[in-house]
Amino acid sequence: MSFRIGHGYDVHKFTSAKQNIIIGGVEIAYHLGLEAHSDGDVLIHALCDAILGALGLGDIGKHFPDTDNQFKNIDSKFFLAEIKKMLDEKQYSINNIDCTIIAQAPKMLPHIEKMRACLANILEIQISQINIKATTTERLGFIGREEGIATHVVCLLYR
């Protein structure tokens with residue numbers, strides 16, 4: 001059996017030009033939005049990078065560049081579905097995924113189960129294979145000042 005580990009990281013800053021945010025494929029009511037070329041889903045972006053990294057296929061920017069207008073304002077679930085196809089082509093399966101959302105606000109806990117269900121559905125895995133946790137920076141740094149949100153994702157693949 002062959003195992004591969006991937007790590008992904010993403011960060012987006014808040015903007016007053018939008019309202020509400022999308023994290024893990026779930027829309028969350030908030031007075032600000034996230035600045036991004038796509039929908040700004042930091043969790044899905046980091047997850048895509050984790051899977052691509054484990055497969056040795058670069059990163060999300062290589063496959064879906066922010067200079068390409070076809071990806072402007074696109075739903076990030078599209079990226080994850082395309083990367084799932086790459087995973088299948090390489091004949092790897094997901095053992096588990098562990099995600100950390102780092103945000104001072106809004107609170108993520110009420111939305112985590114919906115996020116897990118959304119991601120499991122796209123990746124065609126069990127919800128139990130995905131863990132999502134949220135933390136703050138205790139008001140330190142740009143996240144603590146509520147200027148943005150970051151995520152880390154680790155995935156373990158096997159074949």
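Each residue, glycine too, has its Cβ placed from N, Cα and C.
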Candidate sharing the divalent metal cation site with Asp10, His12 (per Swiss-Prot), from His31, His37, His45
His45
DSSP state at His45 (divalent metal cation binding site), helix/strand/coil
helix
Write out the long-range same-chain contacts of Asp10 (divalent metal cation binding site), meaning residues 6 or more apart in sequence whose Cβ is under 8 Å from its Cβ.
Val42, Leu43, His45, Ala46, Asp49, Ala150, Thr151
Out of Phe64, Phe142, give me whichever of these binding-site residues has the highest number of other Cβ atoms within 10 Å.
Phe64
Here the recorded positions are His12, His37, His45; the one whose Cβ sees the most other Cβ atoms within 10 Å is His45
Using DSSP, would you call Thr135 (4-CDP-2-C-methyl-D-erythritol 2-phosphate binding site) helix, strand or coil?
strand
